[in-house]
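According to TrEMBL:
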type     : residues   : note
ACT_SITE : D441       : active site, proton donor
BINDING  : D36        : [4Fe-4S] cluster binding site
BINDING  : G576, M577 : substrate binding site
DOMAIN   : 12-114     : domain 'Nitrogenase/oxidoreductase component 1'
DOMAIN   : 183-360    : domain 'Nitrogenase/oxidoreductase component 1'
DOMAIN   : 409-573    : domain 'Nitrogenase/oxidoreductase component 1'
Amino acid sequence: MKLAYWMYAGPAHIGVLRVSSSFKNVHAIMHAPLGDDYFNVMRSMLERERDFTPVTASIVDRHVLARGSQEKVVENITRKNKEETPDLILLTPTCTSSILQEDLHNFVESALAKPVQIDEHADHKVTQQSALSSVSPLLPLEENTLIVSELDKKLSPSSKLHINMPNICIPEGEGEGEQTKNSIFVKSATLTNLSEEELLNQEHHTKTRNHSDVILADVNHYRVNELQAADRTLEQIVRYYISQAQKQNCLNITKTAKPSVNIIGIFTLGFHNQHDCRELKRLFNDLGIQINEIIPEGGNVHNLKKLPQAWFNFVPYREIGLMTAMYLKSEFNMPYVAITPMGLIDTAACIRSICKIITTQLLNQTATVQEPSKFIYPKATSLEQTNILETSQKETILKDNPDSGNTLSTTVEEIETLFNKYIDQQTRFVSQAAWFSRSIDCQNLTGKKAVVFGDATHSAAITKLLAREMGIKVSCAGTYCKHDADWFREQVSGFCDQVLITDDHTQVGDMIAQLEPAAIFGTQMERHVGKRLDIPCGVISAPVHIQNFPLGYRPFLGYEGTNQIADLVYNSFNLGMEDHLLQIFGGHDSENNSSIATHLNTNNAINLAPGYLPEGEGSSRTSNVVSTISSEKKAIVWSPEGLAELNKVPGFVRGKVKRNTEKYALQKNCSMITVEVMYAAKEALSA
């Protein structure tokens, strides 16, 4: 627990709430004092959600402290259970409320033991009324109308009242006989849209809708941060419902007929997570791989028992989902892919890893009935062509040919060839990043220095992308995920000059000021640092501002993601030219610049340290590093002629020229910077 005005990763309860609010029909109760309940506002604002955030704060105030929290917490759980009937209620304390050392496990047990008072008679009346308003009981039954009593052996009477009410007929009168006296008539069209499993699931929900599952988040709020807590909470929920299905003997681990995948780790407030999810769906669809489940975003906790049916799991971000994939690996021997498809090289490596898993699974399935090296494989006509533009975009790997249902016997080598053809065609005709890397625009960036900082996944991927695919020199790569430091160092080894592992934003700011890179790629905090130092910054990782939750489609993963990243990198390095053009042609701030220069020229000697323009007190620590003279506490004095010459320097490099000149003046013990000193500093730097 830390007191700070900026944190890269928030407290643990934020991670718990991010996971719970990502699931459908899951409600979280936060046991916390006033001040810790800002999550609802933050999520609604950043994600632009249309629905209310499903989080209730059980406030700890002086009255609660006087008589204990159990009564209030249990009351809130029971009330939400009665009002909203969620599938799961997740209870979590915060760092502050954890100080009370209360037995929250006992609170959960008390809430589960407490009966929920619901007027089922009133519910029955409402159900009948809604049914009668849709279909008149006086009308004769149609030929395609079935009697729900035929399902009596499988469905209980209470569940019949909740089967697609607009298509239900409730007969009235005493003379219809035993067959129709207490029966509900449902049109067969309704039943054809509902499978037997869905009807049984609906009955299960009807029986248990008054008894929501209640779980206490198993997180140490003093030892883990937001991301670690989110990863642990997701694994806890998955383990709970799979164990529940095992106890009820309803866990089906039979693999799907066609290759399928679980995407694990897409959740609310993630950096471009919604856009990345759409791109991953497109990628897997192109590969002919069905999506089994996506969790936690948009997932249903009762569908978690279907996770073992997928052929493999895919974890796009290391920060959340890795613990769940490892649990499924140990429990059901499910392979998983944790290569983030960001950039052309890593995307190709990710697809080849998926290909290896699929061929292995197919070989295992057919080893008992066919030769291990051959098996029946759906035709993939779209990738038999050398030019993807001449083929239908709807025909994909592993997908049946829409024109004919023929299949062909394919070896493992041929399957790998199909995947490699897909990689080649996507790289050359869909992604523009490969072409851009050979263009003159990207070649102008070769050798420029950059600093990368963010979460482990994005920072490592962007570092490798800049170094391998664009020829940009990464002076420093860093992450605030201290718990994943070893993996991060291994990933960026050989791609950067130095590695920084810290969650202290002031250290990051000082490092940037010392290196003076041409561009920064980091979080919202690095963007603030860049504005103070007049260094452009591209945001590549959370935490971010609302402007980094775009309404348009901007993924970072997959082949479309390579285009977005290429635009971000290029614009981050070149948008500084606008300042120069504004000064040349007279822009909206040219009058302001001239007035500042006029004001500064009123004195014969001008003191401008630590920056070219006065800076706020909030950036004092980084500004001391930028000034380059803070160690000896000396002020650099500029002559009016030197200042006028400095004004002629383009704005996007003026700050760097000023700092280099001041360094030179300090080394030469110059008391005043004149035009001659500026040119001498330039010659010394060029030499």
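Backbone N, Cα and C define each Cβ position, glycine as well.
Most other Cβ atoms within 10 A: among the recorded positions D36, D441, that distinction falls to D36. Per-class residue totals from DSSP over the domain 'Nitrogenase/oxidoreductase component 1' (12-114), listed helix then strand then coil: 55 helix, 19 strand, 29 coil.
When averaged over the domain 'Nitrogenase/oxidoreductase component 1' (409-573), pLDDT in the model lands at 92.
The residue listed as 'active site, proton donor' is 48 Å away from the residue listed as '[4Fe-4S] cluster binding site' when you measure Cα to Cα.
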